[in-house]
Ligand SMILES: [Ca+2]
Ligand SMILES: [Ca+2]
Ligand SMILES: [Ca+2]
Ligand SMILES: [Ca+2]
Ligand SMILES: [Ca+2]
Ligand SMILES: [Ca+2]
């Protein structure tokens, strides 16, 4: 169960409204790697965890924090939208600055949400449950989390460079710090799990059942052998085996010819051409 | 530019048709972490790489191989669909085995593709470009790739346990091996990049601009302090700093009260309640 | 079955082209609460109605009118797109007004539809069947309809404020009037149904089977008791019972610990951390 | 900001696993009117509220409770999936009961989430931000909320009828009670707002600007005049005006003929046919 | 504007309920090439037609008929769902026929629509505006229409083979006939337009501006020259020119190396590897 | 299996960066008829072909070429994004040209992909597997292909008119030429298949089983008889039969009244109104 605290985790006050930046900031709210994504991802991972309570705790705590980040960004967007010159159509035709605001802002902010945040990305695409990952395998999922916090922090850093508003930068610098922590924490937890399960997910699948002759081959699928110059090829692979370089990809399969479909499927009859 | 080789990379022949397994196998073709996802993800990462040609090569080679994996699985699905008893409606009412095949198979395989593979997941949801990641930051993206190969291998391992068909298992054991290699290769490349850029993405963002007092705090957002028992809390964080445990989450922000909307937006007037 | 009348229900002629407004107007054509949504919603509700022919009639009549609204708005958008300066790229670099039109208009209007309307929202997201509601329970559905006409009229009112074009305003003022009627009609029909089925949907579910001790509690999930100040708390609830205020949310459930997954699922083994 | 309580709001323990019911229960988790939808809808409405703090409180409290409902249902689904006979393929061919479980369950539960809940509907479609409503107009939005709780309670009631599991029914009977409360609360709040703003949303739009001659017409779009038999036609409309019945729909607009597109758009040239 | 006729264009009465077939039939209602798609496609093409009134008429008439087909199929689905044994959970555990109906039917039909049709495909994916085509170029669009009627009739033919219900077959045989007509009519109209505009769309684009040396080459992108055996290679191309066979694909472009990103984008620095 | 060639099929170098055109060009990369669509469509058609190897070859060769077109356009977009003035926010407020670039460009290009191409359309909507067609019936599918190449070439032609950049035009003129070839080739292959299977898809469905009295009727669904003026009505239909004009659409079906739902579905009870 959850409880709500009326104060924000961190201030979310821009120095001045900026409807164009409000549109861009939607990315870290409702984009593929926005705060809704990490909140939902950690929630589902936490709820689905079976028998590793300390990790479940970690997931639920982090998820709960992320819900507060969603709140901060939604609030920031609502404030960036204040005083949008929606009623100044006539001026817009003459004043190119107003014109480019009205032409460039997310129309949903004007028409749909009444100057509020939307659960969607910077291009106005609704957030999708298809973005998140919760597989029941914690090593796999912590890698997903590390990825999410890496992409997320990268996007926040880019937004930071795209504004001069000190209030906005203040909140972003807090989010950058928390993303630093979250990258650190998933890295640390990944190290722990790799020590127990090995680096290849899932560690429980018997090696003997995979075709091990292909498990360490870097196969070249293009002309030239530039790809052989990867430095790590000469080191041991993370799972302790030796890498092998295959100069030219070979086929081991057959030319796939399928059986004609039965007549009641009404595919093209064989022998047409 | 690409060229096509008529042979498959590896055989894709089931011992016998199985329309129900064809439905399940769609997940590793057109699901969130299916072969279409990794092929497209590596292609876009490769095409967007700016100035690191060896990594671009690695991406393009791996992407090209994944296109061949899409081909193998599509072929396998087409063969699993042969001899589907679509014309045996009457028998189905009496024979529960036929009934459960006709009731459980993906209707698209019968009605839309004429016994062929579909670009969709095991629940029949079309593949989405929203699944993939290509950010221009290679460390971030290689983490996405490691995640994709971890989720992907996990799904293949689960499918392996869900069939007794030797031909299917033979192909899956090849895919398991290639996923082992791909996890190894992204791990090795990540190690290289982390050595150069540090573990926190993006490594180029100046530390001084983030609120460093929050960069290493594990904050407890629930009652009790079980979350403090993470072993790694007592070790150095991956970026070399010390972790800190915060026993109870505090708010630093204000209670967010927004300015009423201007009348022309037709939001609820202030003072209603 | 339907028939088509070549005249529009109401004129749809702007005074002058305006590609930027064409983009915005897409919201009430193909957005969540656009005319496609209400047309499809009423059609499916009508077709699915079982045994209440007068309501079925009402639904089909209103649905049919809405198809004519889709037509009017599509026509208006096509006219707003006439004379878009698509061939004036060179001028755009100098003339910021042309520049902001070319930068701000929906690219689909130029590239995909050839200056015609699209079945999508103001951000260019395709209309989705996931927007509509047709549950077979008319009271539930009329509430959905009242909501749709409320959101829809709100959006039309906002668009009305965002243009000075008299032709556009003329059509919008007609749509505003019809939305007034449709709100009135669903309100009237809701009142009728509530009189027969009670205010809680579905009225046919036996009260004894729900946990009635929780059926009228306003539970406080945050610090402070401001939420207790709702005026209606002191009145009877719409279903005739008394409301109750719960000062602090309590948990009645257990700490959810799940059984470890069986080995063939390849989740993380228990005891990892 | 949010905090998490480790206990569930209400128990979520089925008497026995049931993977088929787990699939169905996804609807009230990640479907159009599942708990994710109401949680997100109330959150966004709360965050976007401008200047009506008591309603903002009500929204945030209810939203926070709904997050706990998402948690309960996710936990229930995870438990319904325990002991799914995923490794009993051979038996399934002989035992039609096992066969129909393996054929009928959501493949994501086996392959993707490792026996955990998914953020998707009962047909395996990812939850979409396009489901929710937060317009800034509270009367409009409370109608959306009343609709959501009506559709939601209807779906819970149907699920209640579709299982004999006492543990599942126990949790559903709690959800039914809370949905009763939430319908009551939105009805009460709607009554308050209607008293202040009138029944037609948005109440702030000047009547004089809509075409009032069309604001109370029930227009017949089909043969016969059965639609005239609505009882409420003879009563005053909810906004106090008189309804009017129009026996046959008339067109007031023109036959829409569009100007040919300029040549650089490469539409079909005029005069073709 | 539209009017509604209460009779169906053709009877839509199954001999007996069949919830599994109701699920399959959703494909031709709300799938990619279902009746919603053709209705919406023809409507948007009609509304966007500029200056070719006879074709606009043809489109609007056909669109209007398709709306009636949507109605027929929705009605048929609603009837196929009558008497679904939703309350016979206990029997289902023993009776595999009931079990496979309850496991195989679309859960939306039970939980969401209350035994009614849904605006979605046979896998339960909502209909999408992204399926339709309306480009403003009639030759291009009539080809889209011919494709839609070809795919649609193929799907109806497959469904026809998958049922023994005479009432269902009766309706499908009507739809097959209408699809025959619609293929004929688009073929005839295409022939007319090709006679005026030539076979290559858009016919108005000056030949001199395309790289004509590549306009008739069949390029071989695989080993072997089987692809040269196409009979039509030896005939004139439809636009009157000669085809040319290129034995092996050549590259004319450069190895694409991109400029490093500026530092404020925080991509990977050049020189990493 | 596939191999990659490091050179592009054709140069993809703009004369100068243009972030606004990069946004527009996304349409032919990741839009409904972009290069991803044709590549995936031909791949799935090729892989699903059963027993017509020459056509399978043709499909695989064309698909493989299209993968190279995806590569060219992705490269072009990445170059159009170089030097985007993302760090010139302050100047943008004064310089309307910079302002309209920053307001009009796709925010994903700045925030998500780091100046790279995205797998999405010009409005920022992710590419969807729901766009493509692969039915197993080659005549149906070649019609889909002809449509795709017609829509695609039309979009390329429109883009060609919307830029003055010689480098961009150079690449587009190559794509126009290849689309000319692909239209020619599908037209030629369609002619071959029609000669064998007849013009109505699927040609294998017995005529006697469709209601032939409706197979050649052009039915008028609107007032007036303008639709009778189609010239082709007086000629033989493509399948050799005579067209027939029906002056006014008639209904042959019944008024659809559905059986009330059973009580456990909790639909509205009959007799409500
Ligand atoms: Ca965060
Ligand atoms: Ca692979
Ligand atoms: Ca309307
Ligand atoms: Ca709830
Ligand atoms: Ca039809
Ligand atoms: Ca192409």
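Using N, Cα and C of the backbone, Cβ positions are placed for all residues, glycine too.
These features come from Swiss-Prot:
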type	residues	note
BINDING	F:35, F:66, F:69	Mn(2+) 1 binding site
BINDING	F:57, F:61, F:220, F:222, F:224	Ca(2+) binding site
BINDING	F:66, F:149, F:182	Mn(2+) 2 binding site
REGION	F:254-273	region 'Disordered'
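Mapped onto this structure are the features recorded in Swiss-Prot.
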residue: F:35; record: Mn(2+) 1 binding site; DSSP (3 states): helix
residue: F:57; record: Ca(2+) binding site; DSSP (3 states): helix
residue: F:66; record: Mn(2+) 1 binding site; DSSP (3 states): helix
residue: F:149; record: Mn(2+) 2 binding site; DSSP (3 states): helix
residue: F:182; record: Mn(2+) 2 binding site; DSSP (3 states): helix
residue: F:220; record: Ca(2+) binding site; DSSP (3 states): coil
Proximal to chain B - binding-site residues among F:61, F:182, F:220, CB under 8 Å: F:61
Helix, strand and coil counts within the region 'Disordered' (F:254-273) (DSSP): 3 helix, 0 strand, 17 coil
Sites among the binding-site residues F:66, F:149, F:182 close to chain C [C-beta, under 8 Å]: none
Set of same-chain residues at least 6 away whose C-beta sits under 8 angstroms from residue F:220 (Ca(2+) binding site): F:227, F:228, F:245, F:246, F:247, F:248, F:249
Proximal to chain E - binding-site residues among F:57, F:66, F:69, F:222, CB under 8 Å: F:57, F:222
Top Cα neighbour of residue F:149 (Mn(2+) 2 binding site) in the set of binding-site residues F:35, F:61, F:222: F:35
Between residue F:182 (Mn(2+) 2 binding site) and residue F:57 (Ca(2+) binding site), the C-alpha gap once rounded to whole angstrom: 14
Those binding-site residues in F:35, F:66, F:149 whose CB falls under 6 A of ligand 6, listed in sequence order: F:35, F:66
Closest of F:35, F:66, F:69 to residue F:57 (Ca(2+) binding site), Cα positions, binding-site residues only: F:66
Alpha-carbon spacing, residue F:222 (Ca(2+) binding site) to residue F:69 (Mn(2+) 1 binding site), which is rounded to whole Å: 45
Cβ packing number for residue F:222 (Ca(2+) binding site), 10 Å threshold: 19
Cβ within 8 Å of the mean position of the Cβ atoms of F:35, F:66, F:69: remaining residues of the chain near Mn(2+) 1: F:34, F:36, F:38, F:39, F:65, F:67, F:68, F:70, F:72, F:73
Distance, residue F:61 (Ca(2+) binding site) to residue F:35 (Mn(2+) 1 binding site) (CA atoms, angstrom): 14
Rounded Cα-Cα span from residue F:224 (Ca(2+) binding site) to residue F:66 (Mn(2+) 1 binding site), Å: 47
Cβ-centroid neighbourhood (8 Å) of the Mn(2+) 2 site, F:66, F:149, F:182 excluded: F:38, F:42, F:62, F:65, F:145, F:148, F:152, F:178, F:179, F:181, F:183, F:186
List of residues, in chain order, with Cβ under 8 A from that of residue F:69 (Mn(2+) 1 binding site) and at least 6 apart: F:9, F:35, F:38, F:39, F:175, F:178
Proximal but sequence-remote residues of the same chain as residue F:224 (Ca(2+) binding site) (Cβ under 8 Å, at least 6 apart): none
Fewest other Cβ within 10 angstroms of its own Cβ, chosen from the binding-site residues F:57, F:61, F:66, F:149: F:61
